[in-house]
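Enquirer: According to Swiss-Prot:
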type	residues	note
COMPBIAS	655-667	compositional bias 'Polar residues'
COMPBIAS	843-859	compositional bias 'Polar residues'
DOMAIN	28-123	domain 'Ig-like C2-type 1'
DOMAIN	134-215	domain 'Ig-like C2-type 2'
DOMAIN	234-321	domain 'Ig-like C2-type 3'
DOMAIN	327-414	domain 'Ig-like C2-type 4'
DOMAIN	450-557	domain 'Fibronectin type-III 1'
DOMAIN	565-660	domain 'Fibronectin type-III 2'
TOPO_DOM	710-888	topological domain 'Cytoplasmic'
TRANSMEM	689-709	transmembrane segment
Amino acid sequence: MSLTRFSLCLLLTLLLAAIPVYLASPDPGVRILRSPESTVAPPGDEVVFVCETSLPPEHFEWSYASSRSRFRYLKSGNHNISITHDNDISKLRVVVSLETLGEYRCVAWFGPLAVTSTTARLELAALSGGGGDEGFKGNQAHWRVTAGNTVQWHCGHIESNPAPSWSFYYNDIELPAASTLSDSNGTLLLSNVSVASSGSYRCVATNTASGVRLALPSRLELQVSAEAMPATAPHLLDGQRVRTKVARVGESVLLLCPGVGCPSPTAIWSSPNVPGAIKNNRTRVLPYGLQINELQALDGGTYICYLDNGIRPALKHSIQLLVQQAPRIVLAPSANLTNEGEAMQLECVATGIPEPEIYWLLNGNNSANDSKANPGSNGILILQSVQKRHAGYVQCFARNSLGEDSAGTILQVNPTQIQTGDGGGGSRAYVRPQQHMFGRKQKQQTQMVPPSAPNVTRLSDESVMLRWHVMPNEGLPIKFFKVQYRMLTGTGKSWQTTNENIPYGKERNDYGAVKNFTSSVTGLRPDRRYRFRIMAVYSNNDNKESNTSGKFFLQRGATLAPLAVPSLVDIEEYSQTAVVLHWDLTSDADEDLISGYYAYYRPSASAGEYLKATIDGAKSRSFQISALEPGTIYEFKLQSFSAVAASEFSALKQGRTQRPRVSTTTEPAVHAMDTTTPSHNETFNLNPLLTGTIGGGALLVLLVVSACLCLCRRRSSRGTNQQNKPRLAELREDFVPLNTCSPNKPRTRHLHITLNPLAQQQQQQQQQQQQQQQQQHEEKDTQDNDMSYFQRPPVVYDAEALGFNGMARMSSSSLRRSQRTLERAAAAGGGAGSGTNNNNLNQPTDGSTADSPRLQASNKPGRVILKRARLSSRSENLSSGSLNSVGV
């Protein structure tokens with residue numbers, strides 16, 4: 001027994017000593033594909049957190065931390081939460097309350113490895129004005145300006161989570177086209193004011209998650225004078241101020257330049273510490289501000305605006321633009337196989353604005369709670385003494401106010417070897433943490449990246465417009481989208497799915513860009529709350545839904561004034577796959593009531609649904625629509641919209657994309673024979689009509705040639721038959737009956753043996769008589785021979801009447817020949833009793849003629865005629881002097 005233990009310990013020692021040192025990959029094969037997302041919701045609502053891994057784990061767990069406690073694992077028995085698992089996806093449903101607010105993250109266990117997702121925050125929707133009415137006394141403004149100026153009024157500051165939407169009222173009538181900013185301060189922008197703009201203005205903030213509305217008591221009394229006023233330099237109005245602007249990377253930001261004067265001033269922009277910020281393709285100078293699209297981190301800095309109307313001094317604004325960026329790990333940690341008890345240092349580098357905070361998790365446990373771990377500054381983790389509990393998955397997290405990012409690596413620990421009591425080598429039990437990870441096919445090709453949660457805006461009393469995007473990814477291609485919505489009023493409301501299949505669209509060359517999509521949902525009820533989500537259908541015919549939108553309150557807008565309808569002026573053929581729309585408004589003053597435009601288009605030959613495109617900005621007068629078919633006629637229509645309503649459709653107008661270009665270059669004729677062998681990739685293409693014409697012509701020529709060949713063969717066969725007729729007569733003459741002669745020449749060299757030797761003399765006399773009648777009957781005999789050969793039936797002679805006792809079969813030609821011979825003999829002999837030949841060949845014994853039916857139908861034995869061998873010609877046959885046939 002002791003020997004067995006010693007052997008096992010020695011074997012384990014050798015195996016551990018043979019383990020090579022591997023560099024851990026930053027992407028170990030098991031990772032979180034989809035982390036739960038932060039959500040803002042009102043009390044009593046239900047939210048769903050989704051977690052997905054690259055491989056199905058052994059089990060999922062969810063952890064939760066409030067603002068006053070550390071993370072702890074949740075149990076599904078709680079009435080406020082429910083947890084469901086489906087292969088590699090886990091879902092946590094939480095009922096929003098004060099007790100459930102906090103941070104959530106999921107943990108996927110792969111044997112001893114624990115992979116943790118990024119953190120999702122659950123926050124309560126709130127809206128407050130801060131300080132009551134007294135806090136807004138300073139916002140009561142009375143302004144008097146001249147016509148033509150641009151007025152910008154900041155309504156007030158409120159606290160709202162999420163950011164509110166703003167509504168402005170003019171003389172207590174809601175303005176449908178108020179231009180607002182996406183921050184906590186609503187801004188009313190009145191461009192090119194006139195006397196009609198005079199009046200009282202106020203604002204209302206609405207929480208987009210809960211639908212709660214807050215009317216701010218601040219007001220603006222505006223008086224626009226049409227009379228000439230003294231010239232004044234540009235100046236700020238009471239309540240106008242220069243402020244710091246905060247925006248995120250990838251967004252569009254508008255820097256305003258407030259101020260009025262007489263005459264109205266113009267703005268000039270510069271940036272001393274942002275090179276190239278003003279003159280680039282992402283920057284647009286507007287009469288009232290500077291718009292920067294697709295904001296980048298390098299765009300942050302100071303921007304200076306000068307308002308000048310020719311009267312000194314000019315008004316100078318300095319605006320500080322702060323660009324925020326979500327954290328991103330640029331250098332992931334990497335670990336080697338480490339011996340137990342040794343020190344180890346891991347490094348993680350991340351970028352982000354504000355600078356992200358970095359923390360570490362060891363198999364799901366915070367390193368701050370580990371006595372052997374020392375998180376240092378600049379993303380450094382120092383393990384003073386590596387322990388077996390550290391073996392597993394080590395993760396680095398970077399977080400700031402905009403989000404969180406993570407990266408991880410596998411840490412393998414080689415346990416310390418100890419000596420056993422019997423002196424043998426051994427080691428402590430050690431389980432390699434990656435044993436449950438490898439051996440499974442990594443889920444790369446089947447990854448389905450879901451779209452973002454939709455952004456909802458009002459389109460009409462019964463419809464809304466949804467906008468969502470798909471980030472660049474290497475997952476499965478998306479075929480189309482489906483929109484789902486659910487009304488939150490009442491109980492038992494289930495998700496409804498629209499009928500429209502929203503295509504993903506053609507692939508473009510900008511693979512690294514975000515793809516945006518737009519779709520409308522109709523058939524809704526006003527004054528109701530809804531939630532929306534997007535269902536993506538992938539190339540494997542599976543689907544995955546996005547996160548749900550926040551609660552959306554569909555406000556009734558029956559009392560709103562109608563918006564101006566844009567007029568399509570021209571449709572320019574831009575390329576084979578794109579056109580440019582040009583439109584106009586009846587009056588430039590209508591721009592103040594418009595936030596943007598919706599473009600609808602479809603092929604004119606189709607009766608299907610219209611495709612949609614969104615055009616931001618009321619001052620836009622042209623827009624390019626791409627991804628069209630070459631040489632195709634499309635029909636287009638436009639619709640203007642504001643934050644709360646949309647106009648009627650413009651008149652339909654048709655436009656065409658450019659036709660495909662056909663090369664007109666004439667290639668020179670090449671007379672030399674091409675001896676090269678074509679490759680397998682070369683193809684020969686013909687027009688289908690040309691191919692059919694060539695094929696039909698070839699078939700017609702083949703039919704004509706076949707008909708000519710058949711006609712020639714028929715004529716040739718007729719000529720051959722005419723030439724063969726004398727030949728047939730010669731063949732019939734080869735069959736010579738006994739005691740007869742040829743109708744043309746005497747057959748003197750034939751030897752006939754008869755029963756009576758004296759009959760030879762009589763036979764010679766008969767032959768001489770037959771020669772005298774030969775010329776008279778030659779023509780008739782020739783015709784009879786030809787006709788009888790082809791038409792007459794075979795004749796059977798009465799053999800007994802002819803003097804034969806036996807029966808022999810004779811050919812039809814020889815029988816007919818014998819019949820004619822008998823007829824000639826009877827005519828020459830002059831009667832039945834004139835002949836003395838004992839053969840009686842010329843007359844029958846019963847007194848019948850040779851042509852009588854009785855003679856032809858007789859069954860008595862007949863004479864036998866033996867066919868002689870055929871010589872080369874008839875003359876040679878007659879002159880050969882040989883015995884050709886013997887008649888018995």
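Just so it is clear, glycine is given a Cβ too, placed from its N, Cα and C backbone atoms.
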Enquirer: Please determine whether the domain 'Ig-like C2-type 2' (134-215) and the domain 'Fibronectin type-III 2' (565-660) are in contact (criterion: at least three Cβ-Cβ distances under 8 Å, sequence separation 6 or more).
Expert: yes
Enquirer: Residues of the same chain, at least six outside the transmembrane segment (689-709), with any C-beta under 8 angstroms of its C-beta?
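Expert: Tertiary neighbours of the transmembrane segment (689-709) are none.
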Enquirer: May I ask which of the stretches 28-123, 450-557, 565-660 has the most CB pairs under 8 A with the domain 'Ig-like C2-type 4' (327-414)?
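Expert: Checked against 28-123, 450-557, 565-660; highest Cβ contact count belongs to 28-123.
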Enquirer: Give me the DSSP three-state residue breakdown of the domain 'Fibronectin type-III 1' (450-557), ordered helix, strand, coil.
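Expert: Split into helix, strand and coil, the domain 'Fibronectin type-III 1' (450-557) gives 0 helix, 52 strand, 56 coil.
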Enquirer: By DSSP, how many residues in the domain 'Fibronectin type-III 2' (565-660) are helix, how many strand, and how many coil?
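Expert: Within the domain 'Fibronectin type-III 2' (565-660) the tally stands at 6 helix, 45 strand, 45 coil.
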